[in-house]
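The NAD(+) binding site annotation in Swiss-Prot covers 11, 12, 13, 14, 15, 16, 17.
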């Protein structure tokens with residue numbers, strides 16, 4: 001069974017990963 005804590009941690013990791021990916025993509029676009 002999935003626990004709220006596990007979902008929260010996964011969600012936080014997803015947000016951080018998405019933000020990091022977006023920042024890296026912006027860096028490549030800007031050069």
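Note that Cβ sites are derived from N, Cα and C of the backbone, with glycine treated the same way.
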Remaining residues near the recorded NAD(+) site, that is with C-beta within 8 Å of the centroid of the site residues 11, 12, 13, 14, 15, 16, 17: 10, 18
Surrounding CB atoms that lie within 10 Å of the CB of residue 16 (NAD(+) binding site), all protein chains: 10
Coarse DSSP state, helix versus strand versus coil, of residue 16 (NAD(+) binding site): helix
Protein Cβ atoms within 10 Å of residue 14 (NAD(+) binding site), excluding its own: 10
C-beta crowding around residue 15 (NAD(+) binding site), within 10 angstroms: 10
Count of other CB atoms lying within 10 Å of the CB belonging to residue 11 (NAD(+) binding site): 10
Assigned conformation of residue 11 (NAD(+) binding site) - DSSP reduced to three states: helix
